[in-house]
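So the structure is just underneath, and the comments pick up after that.
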């Protein structure tokens, strides 16, 4: 979209407030507050700007929980950002957003990812081009239909005020995006995903972004509240490490946010905030038929109409 009528200050204020609200809620749920790490890029670095990382490791519930806010600018969009808009190659940019990944210790509690962001591409003598992106997706280790339906219905409700067609469109986008092509396997049960979005104009597109961000806590906390006291043992933890290995593979090979950060000279600690604290790989391993581990593959890691 080549409309320069946007207000980056309002977007920034919303994102910073969203990070604070989510971090406070997660700290209260865990019983351990998330530490704050404020950072700023130094002179001579490829990017300008800074951000704040809220992080919890080895908490009471979360083995690792990270939620980062960043607002950075650079002289040229990296390839991962203009893959669908080659005409923007070489433009300067500002990118601001909130991204989180939560890794509970209990294998019956799913990993979750959420991101909301805005990018602005600039070129002297031409109107700026802005767009929004984001979404959220759930990655269970053990599948529960009740949880999947709750997550997807909350996502659908967040998008409904902006058009009935958005949820099925963004759900399919999510199913297609969070897919490990080299494994022919989904990362999780999906959710919603969107990028390069400005078709509703700045005001309405920004309202949609806020609705997605605000839906995160009600989409996730009821699920982990239900599962947090489920007993587990070494078998479940071993399968959790195996599934986390798939998470690592996706993030390092396919994830646009990770590639954008690495290609643009971003802050490595923030970029790799999504990595699980432990992960594992087994050679040519397959779960025994009829087990809960096999059921995850056959019933949950396939596209379904959960809502």
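Placed from the backbone N, Cα and C atoms, the Cβ positions cover glycine too.
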*Do you know which of 99, 274 Swiss-Prot groups with 115, 116, 117, 265, 266, 267 in the substrate site?*
99
_Checking feature assignment: region 'Important for dimerization' per Swiss-Prot, candidates 211-246, 247-282. Which range matches?_
247-282
*Cα-Cα distance linking residue 182 (divalent metal cation binding site) and residue 267 (substrate binding site), given in Å to the nearest integer*: 28
*List only the single closest residue to residue 103 (divalent metal cation binding site), chosen from the binding-site residues 115, 116, 117 by CA-CA distance.*
115
*Just give me the nearest neighbour of residue 99 (substrate binding site) among the binding-site residues 113, 152, 182, Cα to Cα.*
113
*With DSSP as the reference, give the number of residues of the region 'Important for dimerization' (247-282) in helix, strand and coil.*
22 helix, 0 strand, 14 coil
*Which listed residue (103, 267) has most other Cβ within 10 Å, given these are binding-site residues*: 103
